[in-house]
Each structure stands twice: as C-alpha cells, then as structure tokens.
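**Q** What follows is a single structure, and I will ask about it in a moment.
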Amino acid sequence: AELGVERRFVPESCPRAVRPGDFVRYHYLGAFPDGTRFDSSYDRGSTFNVFVGKGQLIAGMDQALVGMCVNERRFVKIPPNLAYGTEGVPGVIPPNAVLHFDVLLIDLWNLEDDVQVQTYFKPEKCPRTVQVSDFVRYHYNGTFLDGTLFDSSHNRMRTYDTYVGIGWLIPGMDQGLLGMCVGEKRIITIPPFLAYGEDGDGKEIPGQASLVFDVILLDLHNPKDGIAIENQLVPESCERRSQTGDFLRYHYNGTLLDGTLFDSSYSRNRTYDTYVGKGYVIAGMDEGLLGVCTGEKRRIIIPPHLGYGEEGRGKIPGSAVLVFDIHVVDFHNPSDSVSITVHYKPSNCTVLSKKGDYLKYHYNASLLDGTLLDSTHSLGKTYNIVLGSGQVVLGMDMGLQDMCVGERRTVVIPPHLGYGEDGVEGEVPGSAVLVFDIELLELVSGLPEGYMFVWNGEVSPNLFEEIDQNHDGEVLLEEFSEYIQTQVDTGKGKLAPGFDFEKIVKNMFTNQDRDGNGKVTAEEFKLKDQEAKEEHDEL
C-alpha cells in the first residue's frame with residue numbers, strides 16, 4: 001500500500017536533485033513482482049522525458065523521482081493505488097498490479113534555468129575578455145549531464161573557430177563564452193531550450209538534452225582589431241627609427257596567443273632579413289616593424305586578417321592571432337652612404353689621406369648592435385692598406401678618406417658598401433651594417449693616380465741606355481728590376497707605397513714590353529708623359 005524506494009547507486013557528487021516542476025530524462029526497466037518485464041526505455045533506444053510533479057506521470061513515479069541526482073539509480077516499488085489502480089492498462093498492465101521500476105536518471109533541468117558557468121582555471125594576466133562580435137578559437141569536450149561524451153574538438157585535433165554573439169552558436173554557448181580570457185578553462189552547462197531544444201541536432205544530441213562543455217579558450221580577436229605593440233626594451237640612445245623602405249635584420253620568437261611556439265629565428269641561429277613596408281612580410285609585421293630602433297625589443301600582436309588569415313600556414317592554424325617577440329639587430333636603407341663621426345682630430349692636421357696613400361691604422365669592427373667582429377688591437381698589429389686600391393670594402397675606402405695621422409673616427413658602413421647580402425661565412429652576417437672605430441697611426445703619401453713609380457729629380461735623357469747595362473739594345477726583366485731597385489735605394493725614384501716590389505716592377509715591365517716577347521727595345525720604351533701625348537691609356 002506504500003511507495004518503496006531503494007537507492008541502489010548514489011554518485012559522490014550531487015550538485016542538484018530533482019524537485020517538482022523539473023524536467024527529467026531517465027532510463028527505466030518496468031517489471032511485475034515476478035520479474036516479468038512489461039516495458040523498457042532501453043528497448044526503444046531513447047530516454048523517457050517528462051516534467052515531474054505536474055501529473056504527467058503515475059503518482060508513484062512522480063513521488064519516486066523527487067530528490068534523485070543525475071546518474072543515481074533507484075529501485076522503485078509502486079502500489080496499484082499510486083500506479084494504474086483497479087483498471088490497469090488493457091493488454092499491458094493488469095488491474096491492481098504492483099509495479100517495479102529500475103530507474104537511472106540521465107538529465108535534469110528547469111524552465112527557470114540559465115546557462116551555468118564554472119571557471120576552474122584563469123590566467124593571472126587577462127588583458128582582454130571575449131565580447132560580442134569577437135572571433136574565438138577554442139577546444140572543448142561536449143558531454144551530456146551524465147558525463148557521456150558526444151563530441152570533442154580535441155579528437156579532431158582542430159579548434160572550433162567562430163564569432164561570438166551573432167548567432168553562429170547555440171544561444172547558451174554564445175552566452176557562456178562571454179567574458180573568457182585566453183588560456184581560461186571553464187565548464188559551461190546549457191539547458192536544452194538554450195541548446196538544441198526538443199528535437200536535438202538530429203545526430204548525436206537527443207531532444208531535451210542538457211549539454212556540458214569543458215572549454216579552453218586559445219585565441220581571441222575582433223575583425224576591427226589592428227596590431228598591438230608592447231615595448232619591452234627601448235635603448236636610451238635611438239638616433240634613428242625604421243621607416244618604409246628600410247632593410248631590417250631582426251630575431252624573433254613567434255607564438256600563438258596561448259603561448260604555443262610555431263617559429264623562431266634563434267633556433268636557426270640566423271636573423272630574419274627583410275624590407276619593411278614593401279609587402280615582403282605579412283601586413284601586421286610590415287606595420288609593427290616601423291618606428292623601431294636598433295637594439296629595441298618589442299612584442300607585436302597581429303590579428304589573423306593582418307597575418308595568415310583563415311587558411312593559416314604550416315604550423316599556424318587558420319584564423320590565429322600571432323605574437324612576435326622581436327629584437328632588432330640592425331637596419332639600413334639602400335640609399336644610405338657611409339656615415340663618419342670624428343671623435344678626435346689633432347690640431348696640426350694638414351696632410352689628409354687620399355687615394356693611393358699607404359695607411360696604417362687600428363680598428364675595432366662590430367655590428368650595429370655592438371657585437372664585436374674583429375680588432376687589430378687583439379692581434380697586436382696595425383692594418384695596412386693602399387687607399388682606394390680595392391684592398392678593403394668600398395665603404396672603408398670611403399671612410400678613410402681625408403683623415404690625418406692621430407685622428408680617431410667611427411665609420412658606419414651599410415651592407416651594399418660592405419660585404420653585401422652574402423657577408424663573410426662564419427664572420428660577418430649577410431646584409432649586416434658594419435661599425436669601425438678607427439685610429440690612423442701612419443700615412444705614407446702615394447703617387448699621382450695612374451703611376452706606380454715616379455722620379456724625385458730630372459729624368460736622364462739616356463734612360464734606356466742606362467737600364468740596358470750590357471748595351472745589346474734589349475732590356476730584360478732582371479735588368480729592369482735591378483735598375484729600379486737602385487733608383488729607389490739611392491732616393492732618385494719612388495715606388496707606389498704598400499705594394500709588393502716584384503709585382504710593381506713586373507707590372508711596369510709588362511707595360512713596356514708591348515709585343516710581349518719578354519724583352520723591351522728602345523722603340524717600345526716610353527715614359528708616362530710620352531704615352532699620354534700619344535693618347536695611350538696605360539697604368
């Protein structure tokens with residue numbers, strides 16, 4: 001005569017129990033006391049869905065369901081006066097039948113319910129939260145209230161990407177994602193009337209099902225976003241900032257908004273080198289690299305419409321916000337020339353270096369970021385060159401012009417006047433701006449341009465005969481070399497400084513040996529001024 005309820009399984013966690021007016025979804029087996037089954041929701045492959053306490057059930061079941069938790073299992077004995085009474089159900093339940101039900105509660109909600117949000121992890125830093133019309137990328141596990149998994153973005157190994165608050169999602173998810181931070185994890189519980197309603201989705205989700213989404217937000221932006229720049233380190237001295245058309249060398253770490261690393265120039269041990277503002281890099285980076293100083297470190301946050309868009313690229317997923325932490329190593333413009341800064345000039349500075357002079361100088365060579373490349377001080381000896389002879393890079397030839405002994409200067413050389421795009425393997429990176437701190441220690445004046453040897457006095461009218469010591473009418477290289485050496489030793493002549501004696505003499509002899517037979521005759525022999533008169537152009 002009384003209702004009997006046996007709680008055969010009660011879950012450890014029971015955040016909510018059935019109350020009159022709630023809507024429930026449950027499975028059941030219905031049997032008579034002798035064990036004969038008369039009904040089963042399992043046989044139909046769908047739960048029994050009904051409001052509790054509104055007369056939609058037999059009175060005994062209305063009472064037996066109150067207080068149940070999701071995933072709780074109850075064995076219920078219902079007397080006939082709380083079931084189908086003296087009439088029964090023709091062909092199914094006889095009159096005055098006691099009914100036994102084995103009930104498992106699957107789902108529970110109320111028409112007054114709203115979306116429930118439980119945040120179980122939130123990053124310390126949350127500079128921005130999801131707002132209506134934002135575009136988000138997130139991973140999720142979707143389950144029913146009893147824990148049954150119906151969908152997972154993790155299984156597909158691809159985030160779910162969508163706009164929020166404009167109807168692309170079920171209303172409950174639209175609401176549940178608002179206010180989230182990138183990196184935040186939350187559980188969003190959605191009643192069916194804010195999900196897929198009475199009909200479900202026609203596939204995995206049945207009608208009237210509450211949905212539980214375990215969500216981690218990976219990315220967030222708005223189509224109206226521009227790039228964001230966070231300055232991390234700006235040098236105290238910044239004489240020049242990058243402009244459109246400049247060529248930059250910089251290091252970077254590229255990550256997604258959740259911190260996932262997708263690329264790094266450091267791992268390749270090579271800077272990324274590119275023009276700025278010319279479309280050689282993604283639009284957001286083109287913009288973010290403007291206005292930087294050499295040595296500056298900054299973070300550039302780029303929305304996908306200024307990055308790799310909906311398609312992504314390589315390790316970069318579609319619609320991903322990109323974060324670049326960059327360090328500017330150097331930059332220049334193709335129109336740049338050599339820059340010279342004089343730090344010290346002696347008061348007596350009358351003799352200035354010019355093309356052809358032989359120079360001895362000390363230098364420290366570094367990159368624009370201060371990285372030392374080379375130093376003559378560490379070698380303990382000067383660097384010696386003939387100015388303008390191509391023994392150094394063009395920019396150094398230019399930077400050493402008009403310098404006096406004792407002067408100290410800094411010469412900044414752009415790569416097109418230095419070692420170019422290729423650099424020097426293992427020593428100078430490609431496209432590197434070079435900085436030389438120079439001190440000129442010695443200057444030996446060179447000869448007029450085009451001359452390798454000049455006389456200090458009058459030239460003998462019988463010059464050929466003096467060189468032709470055996471008077472056979474022919475001068476050999478040995479005779480020529482011995483004669484020139486004597487003139488230099490006695491101070492009667494001067495060779496171009498800084499060059500190898502034998503090479504100069506051989507060059508002079510070859511110029512005179514016009515038929516190339518290894519001998520110079522009187523007819524072939526001509527001085528420089530005689531060649532000019534005859535409109536010859538020889539070195």
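From the backbone N, Cα and C atoms, a Cβ is placed for every residue, glycine too.
TrEMBL annotations: computationally assigned, not manually curated.
Quantities reported herein were computed from a predicted structural model and do not represent experimental measurements.
So TrEMBL lists the following for this protein:
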DOMAIN    21-109  domain 'PPIase FKBP-type'
DOMAIN    133-221  domain 'PPIase FKBP-type'
DOMAIN    245-332  domain 'PPIase FKBP-type'
DOMAIN    356-444  domain 'PPIase FKBP-type'
DOMAIN    455-490  domain 'EF-hand'
DOMAIN    500-535  domain 'EF-hand'
REGION    512-539  region 'Disordered'
**Q** Across the domain 'PPIase FKBP-type' (133-221), what is the average pLDDT of the model, as a whole number?
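**A** That stretch averages a pLDDT of 97.
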**Q** Mind tallying the domain 'PPIase FKBP-type' (245-332) by DSSP state, helix then strand then coil?
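**A** Final tally across the stretch: 13 helix, 37 strand, 38 coil.
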**Q** Which numbers of helix, strand and coil residues does DSSP report for the domain 'PPIase FKBP-type' (356-444)?
**A** 13 helix, 37 strand, 39 coil
**Q** Where DSSP helix means H, G or I and strand means E or B, what are the helix, strand and coil counts for the domain 'PPIase FKBP-type' (21-109)?
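**A** Tallied per class, the domain 'PPIase FKBP-type' (21-109) gives 14 helix, 37 strand, 38 coil.
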